[in-house]
């Protein structure tokens, strides 16, 4: 009898937790590893070029941007 009650309670708990997480992750990507891979790929330090407004003294500007400004502190990447 006690074992049956424990099994029923466990099944109800697992069902409730599945419903809660399914509702929470509806608008998110399915696989966490894919999401983390995209975040790592888009990480600011992972790029080999400077984005708009970033300094271009130590790295080249990304395609479509030019190094403008100069001076003692170096320029910045601008369109």
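A Cβ is built for glycine as well, from the same backbone N, Cα and C atoms used for every other residue.
The number of other CB atoms found within 10 A of the CB of residue 49 (disulfide bond), across every protein chain shown, is 13. According to Swiss-Prot, the feature disulfide bond maps to 49-62 (among others).
Marked as disulfide bond by Swiss-Prot: 56-67 (among others). Secondary structure from DSSP puts residue 56 (disulfide bond) in coil. Residue 56 (disulfide bond) is surrounded by 21 other CB atoms, counting those within 10 A of its CB over all protein chains shown.
What Swiss-Prot records for 61-77 (among others) is disulfide bond. According to DSSP, residue 77 (disulfide bond) sits within a strand segment.
What Swiss-Prot records for 60 (among others) is 4-hydroxyproline. Residue density at residue 60 (4-hydroxyproline): 12 other Cβ atoms are found within 10 A of its Cβ, drawing on all protein chains shown.
Annotation comment: Swiss-Prot describes 63 (among others) as 4-hydroxyproline. When secondary structure is read from DSSP and collapsed to three states, residue 63 (4-hydroxyproline) falls in the coil class. In sequence order, 49 make up the list of same-chain residues 6 or more apart from residue 63 (4-hydroxyproline) whose Cβ falls under 8 Å from its Cβ.
According to Swiss-Prot, the feature signal peptide maps to 1-22, an assignment based on sequence analysis.
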Residue pair residue 77 (disulfide bond), residue 62 (disulfide bond) - Cα distance, angstrom, rounded: 8
Separation of alpha carbons, residue 67 (disulfide bond) and residue 60 (4-hydroxyproline) (Å): 8
